[in-house]
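Quick look at what TrEMBL lists:
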BINDING   F:85, F:123, F:124, F:125  phosphate binding site
DOMAIN    F:10-139  domain 'Exoribonuclease phosphorolytic'
DOMAIN    F:156-222  domain 'Exoribonuclease phosphorolytic'
């Protein structure tokens, strides 16, 4: 039995509220159960130096957590620098979002997606990718309305979900009580029915290819539900 | 005329929503017009080293801004370290809140107040103090309900408001368009009808004692309105 | 009674020795009782990037303390980075000095004022502002003699003094024994009879508007005495 | 055709030379083609603070590259701090090695595995895991000979290999020319025929579950060859 | 001909003023021509961790320059961290002073010598050693007067002087115009007629053993003159 | 008697293997007994900013140690920043190599020499200079073969050796057991029979000019043997 009483293939309720800040070109507050992430997209007409004159656009991401987003207060990263975990997560978000962008169509500009966790209950990196895509899409819609981008560079949503083996069972969308106990867990990023990233990790444990297939099946189910929520939010 | 059409002695609408995060011992989201600050209070039964065995409690504060809380995206402080401005503000918040605490009554424990600006439109340090006191009060109420604090260490609210000279006129509660133009502005922290901090500053300008008196009159009006909102929120 | 035996409205003796270093365009050693600060002004014909092509000059300040300027040796900031307190003080010195400069008359150049505390006994930030203005004035006089600045951008001295409530009494120019005991203290920066900055702060205490008026009266007396010392030093 | 002329399922030649430094408790130089990594294992009888009194041992890893291990000289991390990539890699190495350790059998001590890339040609993190396990095993053998560890905590080797999709084909053990062109690549860590970590990533691309299965097949072949090299090295 | 008109074996005038700060246990302002260094000695009854329970005392040094001690303003090290040059100099000062201390006689305490350059004209590290010894001696005299140190741990002064080859000639005590031109220069630290440190360095040049002997002869002359000034200062 | 059984004027065996990495323009692995240093030379056609348009080339060096190069594992400098000792050593290597370069003949380019200690047993800075010169020479030979450098900028080898006073005797080429006991030790850098750097240092000891002459005699013998090894390696 899962602590939340959910079925093994049952996601937490997902809501995506858009337009939540007055300044950003695109923004949303995504809630996956008790995990709440504020995502904003900032359009910058200057490319980073390594992309200058490439004819391509760029999308990057940054990730943070408010100190008391978690059950025990964490030290503020502004005082101590970004942890390795934080850097790893924001690199994942950036790679994932870029995989769903037609960078020629975006043109020579950069979009920075900020994902800040307001409240954490497991799955913050997946919620950041899913919500980050919505913020990105809203910013691009604004560029298209303004006529500076002509052809839509974002065709299919990019979404991510975690799965893992909890108490011997393959389960979808781990919350924190499950995540902290699971010997095996993974994050799956998908778009258009295809995979972008698979990150499976066993802490003090191992897993078989059959289990991996089971988790991939769950992930496909989850991502298709997230896609529906994303499409509803941006239309 | 003020850009917002407000009277010179008219505050922006203030709302304080409490209990906004599941983890913190006390929390609120304070909105002063378009300035939105999430405040949480964390109870730590360990005192910082310099207060050990003093018989007194301690209250401290940290302050941050989400990168796109502002009109132009700011660099993330987790990547670059806290600016001098950030450190100055969080020291002010901590001093201000401590001035309203009976540290003997609080007992040998620390409360950390985190103030994170979700959206900025001027006056973020004042909103942080005002909202920070509410989060602090809620955490203390929890300690009192649990019986670990007996006598209430927070008698009268601590609140703060900015005033300044805009277009030659003394005005209350500057928003960002006013703040960026004002030659003189100040922050006033008060409790129980008395002053805790006065920080008046002229950038490329000067001011007279008569003007200072005028701003103090406005501040007293503003703080009494904030106090009403604070009392409503915590009861 | 004050520890030093001074009257409540009595300043410590002030001396300002000019031309104390061979390299700087302007320099002085200001002694306010046992607080000694070495101030130098460096003319830089290059503006900082954010002021380029503005038609305006810029004045900025940096502040430091020798490790054994204080009774107990402090850790060297070169090894640990500038503290929040140091950054707050040097921002104040810079703002204060700029408020007394006609930046059009100064022309497109920067003057950096370094204030280094050789010996500390309270009031170092105020001595830095008062002495810093003298160093700045001397550097400007040199520019005027050389004909690169035509109209004097520094008309009236900028000076600063601390006041506070010590043992229940409003006193002028706190030394360290007073400063470490005072529940309320403030720094007042003035020029030409007007105010530039007021920073009043109560640590674990509060104060009334009447007390604030009393401190302002003392500050006005103190600043007029400092102005006389400044004028004597630069002529 | 692969740039090296290898078959799609053909590894580069692997050699593992042990006992390469006089100081470390265990050490090897692993060469996977032109990728050369020096791995050392250091036994520390003190556990890190978060593991104290747990009854369990700990294994951790650090990773570095000499500045000219690569074709273009990289900035020295000692001057600039560890990059996000470096931190991500060393976290992966540590997790991977821990998954193959019986931490009860190891007892309350820590082993630190240092993996320093002397020459890089793709696949440095995989070579670090494979060679790191050998260094770890040698250090454990020393502890067992000394009688301080009784039951072998390392039963089956942990090894890792990269696979990817290069020029539309699934290939095993990417070298740098392939790695820099591949749209999809992954790292697979295995032990005893089971998976520990799967990290698949598509930069500007996507992949299907069928392709993922193909890569897993290649990885299983590669890891079985690496295991043979590891067993030969430690016996 | 030397720029200053000095003979090749002629030192700049040296003065050592003691008791220049009210807080430090020992202090002096040493002037070697236009090079002025403020030296303070702080007694700390706590040893650094690596010396605990050794039965020996410890002497260490820190070095700094005010930003405008030089002809062109240098960046403040508190903002940028200590340069390699600064660290190298303070390690030299510490080693040099320790070589002249009987650490058993000093007993289990630490003395920290701070050397801060107020004005620089070449030879600041040598002036720091020579003046640093005076501050150290004064602090020790205080400990002996207080009866906490019985046998004098400082028998013979430690002093240092620079020599170099300027315009083809061996010269004593280089000032900045000479130092910046000299192809070869060195610093010689001596006590009791013996050597403690010799640091000779050729930038874009080389030197013979005969030249080295000539410089050592000059250094012996210089150090004997410095010793006289030191003895006069401390008696 | 020396711990190694060597004569007082006997060096450890020296081997220099060239061409040890595939990427660097010049490289060698130098072994001085159990001290092993990997040296690479990287040609950079861009000069550092302070040398632009000078008509001169530049040579600089960086130094590092693998964490377990030593008997006790050291903390990785990439995690903690370069120590003062590391910076001091790499500045010495750079100065020493530059002293043997005709910078006009080298032309407007930079060569960066990286010296990374694989295994340490005393004398790592000297081995770095001696091996660094070989890597530098090999890189220059490549530039001459390519015709971009015409006249050889490296005429005579630069080599370095340590000497010291161990157990009262002057000895050549200290290994770690000697180095950690010696009261006096020094590093001598030479080229073409002349001196470039002399760094003699006494920790808790002093030395006479006669002893210094004895050490210089030993150093001359050692450097002539190193020169022979260098010439054999580069021809």
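Just so you know, glycine gets a Cβ as well, placed from its N, Cα and C.
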Worksheet, complete the sentence: Same chain, |i - j| six or more, Cβ under 8 Å of residue F:125 (phosphate binding site); the result in sequence order is F:63, F:89, F:92, F:93, F:160, F:187
Worksheet item: Per DSSP, how many helix, strand and coil residues does the domain 'Exoribonuclease phosphorolytic' (F:10-139) have?
Response: 43 helix, 40 strand, 47 coil
Fill in: phosphate site span - longest C-alpha distance across F:85, F:123, F:124, F:125, in Å
14
Worksheet item: Within 10 Å of the Cβ of residue F:123 (phosphate binding site), how many other Cβ atoms can be counted across all chains shown?
Response: 27
Worksheet item: Within 10 Å of the Cβ of residue F:85 (phosphate binding site), how many other Cβ atoms are there?
Response: 14
Item to complete: Using Cβ-Cβ distances, find the residues under 8 Å from residue F:124 (phosphate binding site) that belong to the same chain and are at least 6 apart in sequence, listing them in sequence order.
Response: F:35, F:37, F:65, F:89, F:117
Worksheet item: Other residues with Cβ within 8 Å of the Cβ centroid of F:85, F:123, F:124, F:125 at the phosphate site?
Response: F:63, F:89, F:117, F:120, F:122, F:126, F:127, F:128
Discussion item. Averaged over the domain 'Exoribonuclease phosphorolytic' (F:10-139), what pLDDT does the predicted model reach?
Written reply: 96
